[in-house]
Amino acid sequence: MESKNRRPSESRSIIDSACSKRIIIAVMGFIGIANAYAMRSVLSVAITEMVEDIHKTAIDPNGCPGPINHTNTTNPNAEFDWSETLQGHILGAFYYGYVFAQIPGGILAQKYGGKHVFGVGIFLTAVLTLLTPLAARIGPAYMIGVRVLEGIGEGPSIPAMNALLAQWVPINERSRIGSFVFAGNMIGTIVAQSSAGYLLKVTDDNWPLVFYGCGIVALIWYVFWNLLVYSSPNEHPTISDYELTYLERHLKGVNKNKNTLKSTPWLSMLSSGPMWGLMIGQIAHDWALFMINADLPKYMKSVMKFSIAETGVWSSMPHVLMWVFAILTGWLSDYLISNGKLGILQQRRLFSTIACIGPMLGTLAASYAGCDKIKVVVLFTIGMATMGFFYSSMKVNVMDLSPNYAGPAMAMVNGVGAVAGIVSPPLIGYLIPNNTLLEWRNVFWISGGVVIVANSIYLVLASASIQWWNNPVPTSETDDGGE
C-alpha cells in the first residue's frame with residue numbers, strides 16, 4: 001500500500017480511533033487486567049470471614065468501639081484459626097510465583113506474541129481460583145501452593161500486555177491508552193472487594209461463592225479474548241487498510257519483522273541505568289499498592305470495626321478514585337506532551353512523584369484521624385487516588401525505552417517490583433500481632449519511607465529515550481525520545 005497517498009487528516013484520525021481495532025484491543029486488555037486483579041485481591045476480603053478473629057485479652061487504648069460480641073469472635077462461621085503471620089504468608093505466597101514467572105513470561109510474549117501468553121495465564125489463574133476453597137479446606141500448605149500457582153499464572157500478564165500494546169499503540173496515544181488498560185487493576189479490585197463484601201453479607205458468609213464468581217467471569221472473558229484479539233496489526237484479518245497504514249507510520253521504534261529481532265539483550269538491560277531506575281521505582285508503587293490491596297480490608301474491619309459489607313465497600317473506594325485519576329491523567333499527559341507543555345521525561349518524573357507522595361501522606365494522615373470513620377475513608381481515598389498518576393508515567397516508561405523488547409523489559413521491571421508483594425504481607429503480619437492502631441501506624445511510616453527512597457532513585461536514573469539495545473540490527477538512525 002502507498003502510505004504517501006493515504007496520509008490521514010486530523011478529523012479522520014479521530015473518527016478512526018473511535019472504532020479502531022486498537023480500541024478493541026485496549027478494552028479487552030482492560031477487562032483482562034481487571035479479571036487478573038479481581039482474582040488476586042478477592043482473598044483479601046474473603047479471608048476476614050474465613051479466619052477466626054479472636055480478640056486479644058489486652059485492650060487497645062487507641063482502638064475504635066465495635067459491636068458487643070459475647071462469643072469473643074467476630075466471625076462465628078469462620079472455618080480456620082490461622083494466625084496473623086500465617087495469613088501474611090498466604091497473602092504473600094501469590095508473589096513468589098508472580099516474580100518467578102516474570103522473565104519466562106516476557107520471553108514467551110516476545111517469541112509468541114502478547115495475545116496467547118496473556119490469555120492462557122488468565123485462564124490458568126481462573127481454574128486455580130475455582131479450586132481455592134478446596135485447597136483452603138485441605139490445609140494451609142495447599143492454600144499457599146494454589147496461591148503460588150496463581151502467581152505463576154498471572155506473572156506473564158503485565159509483560160505480555162506491554163508487548164501487545166507496544167505493537168498496537170502509537171506514541172501519541174501511549175499515555176491515555178496505556179493508563180486506561182492498566183487501570184483495569186483498580187476496577188478489578190473495586191468490583192472484587194465491594195461485591196465480595198456484599199455477597200458475604202447476603203449469603204451469611206458463604207465465602208466459597210466469592211472465588212467461584214471470580215473464576216467463572218474470567219473464563220467467559222477468555223472466550224471473547226481468543227475471538228477478538230491479535231498480537232499485532234499485521235496478524236489481524238479484518239483491520240482496515242487505513243488503520244494499518246496509520247499504525248505503520250506512527251509506531252515509533254517498533255520492528256515489524258520478528259525474524260530480524262536478535263535474542264533478548266538481557267545483559268544490556270541490566271547495564272542500563274534507566275532500567276535500574278524503573279525497577280527500583282516499581283518497588284515504590286508496588287509496595288504501596290500491595291499494602292492497600294492485601295491489608296486495607298483487615299485494617300477497616302479490625303481497627304475501624306466496619307462490618308464485612310462496609311469493609312468491602314469502603315476498602316474499594318480508594319480504587320474508585322484512583323481509576324478516575326488514572327484515566328484523567330492519561331489524557332492530561334498526552335495533552336501536555338503533544339502541546340509542548342512538558343517533555344516526555346519531565347512528565348514521567350513529575351507524575352510518578354505525585355503517585356508516590358500522595359499515598360504516603362494519605363495513609364499516614366488516616367492513621368492519625370482516630371476513629372472518625374468518614375475522615376479515615378476520605379483520607380485513604382484521596383491519598384490513594386493520587387496513585388492514578390503512576391499509570392501514565394512510570395507504567396508506560398518501559399515502552400519509551402524499548403518498544404521492540406517491551407515484554408522482556410517489563411518482565412524485569414515488574415518482577416523486581418513484585419518482590420514488594422513477597423516482603424510486605426509477612427512483614428505487616430509480623431508488625432501487627434494485635435491489630436492495634438499504633439501497630440498499623442508504624443506500618444504506614446515504614447511503607448512511606450520505602451516509597452520515598454525508591455522513587456528518589458527513579459528520579460535520578462529515569463529516561464524517556466529509546467535505548468541503544470532496542471535496535472535489533474545496526475542502524476544509523478538514533479532516537480532521543482523527546483526529552
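Placed from the backbone N, Cα and C atoms, the Cβ positions cover glycine too.
What TrEMBL says about this one:
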type: TRANSMEM; residues: 21-39; note: transmembrane segment
type: DOMAIN; residues: 24-466; note: domain 'Major facilitator superfamily (MFS) profile'
type: TRANSMEM; residues: 90-109; note: transmembrane segment
type: TRANSMEM; residues: 116-136; note: transmembrane segment
type: TRANSMEM; residues: 177-200; note: transmembrane segment
type: TRANSMEM; residues: 207-225; note: transmembrane segment
type: TRANSMEM; residues: 275-296; note: transmembrane segment
type: TRANSMEM; residues: 317-338; note: transmembrane segment
type: TRANSMEM; residues: 350-369; note: transmembrane segment
type: TRANSMEM; residues: 376-394; note: transmembrane segment
type: TRANSMEM; residues: 406-432; note: transmembrane segment
type: TRANSMEM; residues: 444-469; note: transmembrane segment
* In the same chain, who gets a Cβ under 8 Å from the transmembrane segment (444-469) while lying at least 6 residues past its ends? -> 252-253, 265, 268-269, 272-278, 280-281, 283-285, 287-288, 291, 343-345, 348-349, 352-353, 356-357, 359-360, 363-364, 366-367, 394, 397, 400-403, 405, 420, 424, 431, 479-483
* the transmembrane segment (90-109) versus listed stretches 116-136, 207-225, 317-338, 376-394, 406-432: most Cβ pairs under 8 Å -> 406-432
* **Highest-contact recorded stretch vs the transmembrane segment (21-39), from 116-136, 177-200, 350-369, 376-394, CB pairs under 8 Å** => 177-200
* Highest-contact recorded stretch vs the transmembrane segment (116-136), from 207-225, 317-338, 350-369, CB pairs under 8 Å -> 207-225
* **Mean of pLDDT values spanning the domain 'Major facilitator superfamily (MFS) profile' (24-466)** => 84
* To do: Six or more residues out from either end of the transmembrane segment (376-394), which same-chain residues have a Cβ under 8 Å from its Cβ atoms?
  => 175-176, 178-179, 182-183, 186, 278, 281-282, 285, 288-289, 292, 296, 304, 314, 317-330, 332-334, 347-352, 354-355, 357-363, 365-366, 369, 458
* Long-range Cβ neighbours of the transmembrane segment (350-369) (under 8 Å; 6 or more residues past either end) -> 281, 284-285, 288, 292, 329, 333, 342, 375-376, 379-390, 392-394, 437, 440-441, 444-445, 447-448, 451-452, 454-455, 458-459, 462
